[in-house]
Amino acid sequence: MSHFLLLKYPLVVQEEILHQMNACQLTELSFTSTRLKKMFQKFKIHADSVTYHLVSPTDCGIEVKAGRARFKIRIARTWCNKSWSVWIVNGAKMLINLLERREMSSEHLHQSGISLKSEISILEEINTHLMSFLKVEKFNVTILYYKNFRDIFIWNIVEKFDVVRVDDENEPEPISIEWRNLKFLEEEVQKNELYLNVRVV
Amino acid sequence: MSSTEQGTSSAAPAEPTTAPESAAAPEVPESFYYVHGKDKVVHKVSAGALQHSALIHGMISNLGYTEEQAKANPFPFENIDGDILQMVVDWCNQHKGKPTPPEDTNLPKQKEKLFDLVLAVNYLEIKELLTYCCKQVAMMVKGKSPEEIREIWMIPTDAEDEAAEKEAKKRAGKEAAGETAAAAGDAK
């Protein structure tokens with residue numbers, strides 16, 4: 001494999017090269033080295049949207065979309081036999097599994113069984129990492145459970161969501177939700193669209 | 001000092017135009033300028049082709065550099081290799097007065113050449129060619145895994161960075177100790 005000294009280029013050239021690449025590819029690349037992440041921070045990488053997936057208190061994720069590409073990180077207590085990779089998230093090492101890599105998308109799973117941190121706090125760390133260099137056009141959130149989601153960090157960091165969804169698209173059954181949580185979504189969360197398929201408990 | 005003429009023609013119109021009045025107007029003789037790289041080989045380039053380079057265009061229009069002066073003293077680009085400058089001149093001549101296509105497949109495929117070409121194009125401020133070259137660099141890593149891309153771009157890992165930092169600190173410490181010892185020796 002022949003090599004190419006990217007860091008030797010002037011900043012304007014580095015920026016032009018990065019702008020020719022997809023934000024999803026760069027997002028994945030940002031986890032390989034702190035130096036690369038710092039380079040991306042200088043230029044800010046444009047992403048069409050970031051969607052938070054809150055499936056359950058122990059299963060959550062974040063998805064970056066840019067053009068036709070998609071990059072999804074799922075954080076859950078599931079073990080699988082794929083090979084391990086190390087990610088550098090905000091300077092700290094994290095073990096991850098690659099679930100799927102196609103031409104335009106890739107998906108990763110963090111094995112939180114080996115971590116003492118909760119899935120949500122890992123999501124927060126990954127989110128901090130991504131927001132340090134991504135310039136995001138739209139934020140969305142999908143919630144599939146009803147308890148304690150008001151405590152999650154996303155409500156404090158995103159000023160306005162494009163789409164807030166409490167609706168499992170693969171499941172016709174309504175999602176149970178507490179009245180106070182429904183009120184919170186309707187009255188306190190700034191959003192353009194709200195999709196609900198819920199039953200108040 | 002040798003000289004090459006790169007596809008230039010004094011019969012070519014100075015500026016392409018679609019206006020019928022201009023087509024009927026008498027042709028203005030095209031002016032030529034001369035540039036040389038590290039190898040001192042002089043390339044004759046038309047003013048129309050040089051429009052692509054914001055740097056040279058600025059030198060001509062802002063500093064009032066005339067064709068006669070340019071002939072006596074070619075623009076020196078000592079930091080650009082001769083073959084790279086040749087590529088740039090060829091590209092400028094090929095795209096003289098034409099709208100630039102969305103893709104350019106004539107760029108070098110060898111990484112070393114492309115690396116030098118990008119630096120030269122950036123220095124000469126040729127915006128469209130820089131975009132093509134950067135696209136080519138981005139295409140080189142298409143379909144590669146993040147770890148492969150990091151290796152191709154020669155980005156050190158965090159561990160390598162830490163080791164280099166430790167080494168630098170150790171060296172700085174040794175140098176400081178050496179200076180202190182030398183100063184003590186002088187005092188004696």
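Cβ atoms are placed via backbone N, Cα and C, with glycine included.
Note: TrEMBL annotation is automatic and uncurated.
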Quiz item: Which stretch does TrEMBL mark as region 'Disordered', out of B:44-72, B:160-188?
Solution: B:160-188
Self-check item: Same-chain residue ranges lying at least 6 outside the compositional bias 'Low complexity' (B:178-188) that approach it to Cβ under 8 Å
Solution: none
Self-check item: Helix, strand and coil counts within the compositional bias 'Basic and acidic residues' (B:165-177) (DSSP)
Solution: 13 helix, 0 strand, 0 coil
